[in-house]
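K.L.:
According to Swiss-Prot, the protein carries these features:
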- 9-29: transmembrane segment (TRANSMEM)
- 55-75: transmembrane segment (TRANSMEM)
- 92-112: transmembrane segment (TRANSMEM)
- 117-137: transmembrane segment (TRANSMEM)
- 172-192: transmembrane segment (TRANSMEM)
- 201-221: transmembrane segment (TRANSMEM)
- 228-248: transmembrane segment (TRANSMEM)
Amino acid sequence: MTFPNINPIIFSIGPLAISWYSLSYVIGILLGWFYANKIVEKFKPQITKKNLEDFITYAVIGIIVGGRLGFVLLYNPSRYFSNPIDILKTYEGGMSFHGGALGGIIAAYLFCRKYKINFLSLTDIIAPVVPIGLFLGRIANFINGELYGRITNSSFGMIFPNSDLMPRHPSQLYEAFFEGLVLFSILAYTTFKHKTLKKCGLNSGIFFTFYGLFRITIEIFREPDIQIGFILDSLTMGQILSVPMLLLGSYLICQSNPK
């Protein structure tokens, strides 16, 4: 397969450059907010539209700061500790989903504590929204030619311009499909068909469980970060960080369905 060589920069005006990566965050947040509002309109849970509007600022800060610090601390600390100014260059890419998720969770906790809202009631509404951002983010990774997969002889193999010119799995597209489209469909089905918002923590549990499963599986096709490589001989950082999410998700599902 031929890699569609798309310029990562949409346009630039002097020193200001707008990239597909940055745009994916903006569109993801806007679409997510719109979808969350539709969920609130449909089910009228404890969370109101005003709550969602107030939460946006918390969410944006938590996701961006958490995602960036997660990447800096977990994936490439030596580079950023020697060049701290590079931490601010988010337009170059380099965001950790696990860091962003943790940042978002902390932001949600602080928001709920301030406004006296049930924490899981908020995360249950946010859970069906997150795959939208995951899908757009992975498409942006693909456009950037980063986070590509391992070498393959299959027909899916694609030569990325920033690699060693060997055909590799387009693992960004695998993640966009499973962590984005499939996970979005699962949560939309459970939310609207099975009314899972009625069981506190269930939507959150479904998200964490399926994301963990999908990420652990797709990491088999994804090239480990060169500065880290494999951990414990065969595991990647992404797989290790996804195990707690899988366990947390399973726990929340069980807790939402007490016998």
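Cβ coordinates are placed from backbone N, Cα and C, and glycine is handled just like the others.
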K.L.:
Please figure out which one of 9-29, 92-112, 172-192 racks up the most CB pairs under 8 Å against the transmembrane segment (201-221).
P.N.:
172-192
K.L.:
Could you give the residue numbers and ranges of same-chain residues that sit at least 6 residues beyond the transmembrane segment (92-112) on either side and whose C-beta is under 8 angstroms from one of its C-beta atoms?
P.N.:
21, 54-55, 58-59, 61-76, 86, 118-119, 122-123, 126, 134, 137, 141, 144, 146, 238, 241-242, 245
K.L.:
State the residues, same chain only, that lie 6 or more residues beyond the ends of the transmembrane segment (172-192) and have a CB under 8 A from a CB inside it; answer 'none' if no residue qualifies.
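P.N.:
Result: 39, 42, 127-128, 131-132, 134-136, 138-139, 141-142, 146-149, 202-203, 206-207, 210-211, 214-215, 217-218, 221-222.
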K.L.:
Restricting to the same chain and to residues at least six past its boundaries, which positions have a Cβ under 8 Å from a Cβ of the transmembrane segment (228-248)?
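P.N.:
Hits for the transmembrane segment (228-248): 74-75, 98, 101, 205, 208-209, 211-213, 215-216, 219, 222.
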